[in-house]
């Protein structure tokens with residue numbers, strides 16, 4: 001694992017995501033910095049993830065190696081203990097991490113009276129385990145996110 005100060009200048013400019021992993025709670029112990037995916041933290045020398053500091057970019061952590069198992073989404077900020085990133089009692093470990101690719105689409109003009117406006121539904125839940133419960137039987141054609149980091153999954157129950 002290379003920290004930013006060890007990367008060549010050309011790689012530093014390309015890196016848009018940066019995360020610091022501490023082996024103990026409250027940002028104590030050995031610190032490991034990542035600017036890209038790490039499919040197996042143990043192989044990279046990280047024994048345990050006790051706290052996390054996200055410097056930039058959204059990230060997703062996985063309970064198993066090779067980005068499998070339960071997922072934890074991290075936005076920019078501080079996560080001093082495992083219970084600050086999950087309320088799951090099933091797992092408190094993170095074994096792999098990767099940055100979430102952020103795609104910024106060009107802004108589209110708002111519809112005018114002359115354009116056809118499709119039906120739309122505003123979902124205000126913090127968590128949506130299935131769009132089916134909101135009346136989407138087949139597929140969602142578009143989504144507008146007002147703020148925060150959202151992760152979409154192929155199948156209900158956060159799978160795929």
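Just so it is clear, glycine is given a Cβ too, placed from its N, Cα and C backbone atoms.
Unlike curated records, TrEMBL annotations are generated automatically.
Note that the structure is a prediction, hence the values are computed from the model and not measured.
According to TrEMBL:
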DOMAIN    17-56  domain 'Beta/gamma crystallin 'Greek key''
DOMAIN    57-101  domain 'Beta/gamma crystallin 'Greek key''
Quick test of the contact rule: Cβ under 8 Å, at least six residues beyond the ends. What residues does that give for the domain 'Beta/gamma crystallin 'Greek key'' (57-101)?
16-19, 21, 25-27, 34-43, 48-51, 148-149, 151, 158
List the helix, strand and coil residue totals of the domain 'Beta/gamma crystallin 'Greek key'' (17-56) as derived from DSSP.
3 helix, 21 strand, 16 coil
Reported in the order helix, strand, coil, what are the DSSP residue counts of the domain 'Beta/gamma crystallin 'Greek key'' (57-101)?
3 helix, 20 strand, 22 coil
Would you mind giving the whole-number mean pLDDT across the domain 'Beta/gamma crystallin 'Greek key'' (57-101)?
87
